[in-house]
Amino acid sequence: VHRLVTYIFVYEDLISLTCGAVIIWYFAGSFEKNVGTVKHCFLTMAFAVLSALLYLLLETVVSRVSEVEDAKGFMPVAFATLGVSTTRSRMKRTLFFGVRVPVVLVPWFMLCIAWFIPGSSLLSNLSGLLAGEAYGLGYCFCLDFPESVGSKLDRVFPFSLLRRIPGLKYIPGSLAERRAFESSKVKPAPGAYPTQIYYCSSPPALPAFQMQQPDAQSQGFQHSCAPG
C-alpha cells in the first residue's frame, strides 16, 4: 500500500531525476503559492494516491493492447496540479510557444511533450491529469478543507518547525496571510528608492486679493517651495 505514495520519489537515472527536480520546482512551487504549504503537502499525497489508483485501474485495460510503463516520478502529481490550475483559471486563452490557445488545452499539449521525456509513463501522467481536473471541477470536494483548518495546522508540528527554519519559504494557509506575505515583499523599505529634489525657482504670481494677506502667509508659501 505504501507504494501508492512512494513511487513519486523513484527515478531510474540522472536525466529523469533532473527533469523531476525542474518539474517540482516549477509546478509544485507555483501551486504551493496559491494554496499554502499545508494544503500543498496534503494535496500532493492525495494526488499521488488518486493517480496511482487510476493508473492501476486503466492499466488492466491498456496492458491488453500495448506495453505499459511503470508509474514513477513526480510528474503525475505535477500534471494533477496543472489540471487544477487550468480548470480553475479565469483566463480563457494563453500563449503556448507563441500561439494563443485555450487554457484548458495546455495540459494536453504538455502531456504530448512529456511523452518524450526519458522514463516518463504516459498512462501515469494521464492519470494524474485526470485526477487534477476532477478535483478542479469539484468532483473531489471531500479533499477540500476550510482555511481556518489550514491556519490551525500552521501552528502544529511539523509545520510549526518548518516556519522556523531560516531560508525556507513557508506559505501560510490563510488567504489573507498569503496576501500580506506577498505585499510585504513588494512594499519597499523607507529610503530604498532614491528621491528627486524639486526646486521652486520663483513663486508663481499671486492673485490681487492674496497679495493683501499678511507677510507670514507669503513666507510660509516660500518655505513650502524650498528644496526638498
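Heads up, the Cβ atoms here are built off N, Cα and C, so glycines get one too.
TrEMBL: automatically predicted annotations, no manual curation.
The feature domain 'Peptidase S54 rhomboid' is assigned by TrEMBL to 2-139.
According to TrEMBL, the feature transmembrane segment maps to 6-28 (among others).
If you look up TrEMBL, you'll see 40-58 (among others) marked as transmembrane segment. Counting same-chain residues at least six beyond the ends of the transmembrane segment (40-58), those with a Cβ under 8 angstroms from any Cβ of the stretch are 3-5, 7-8, 28, 31-32, 71, 76-77, 80-81, 121, 123-124, 126-128, 130-132, 135, 140, 143, 145, 171.
Same-chain residues lying 6+ beyond the ends of the transmembrane segment (95-117) with a Cβ under 8 Å from its Cβ atoms: 16, 19, 75, 79, 82-83, 86-87, 89, 125-126, 129, 132-133. Per TrEMBL, transmembrane segment is recorded for 95-117 (among others).
The average pLDDT computed for the domain 'Peptidase S54 rhomboid' (2-139) is 86. For the domain 'Peptidase S54 rhomboid' (2-139), DSSP puts the residue distribution at 95 helix, 8 strand, 35 coil.
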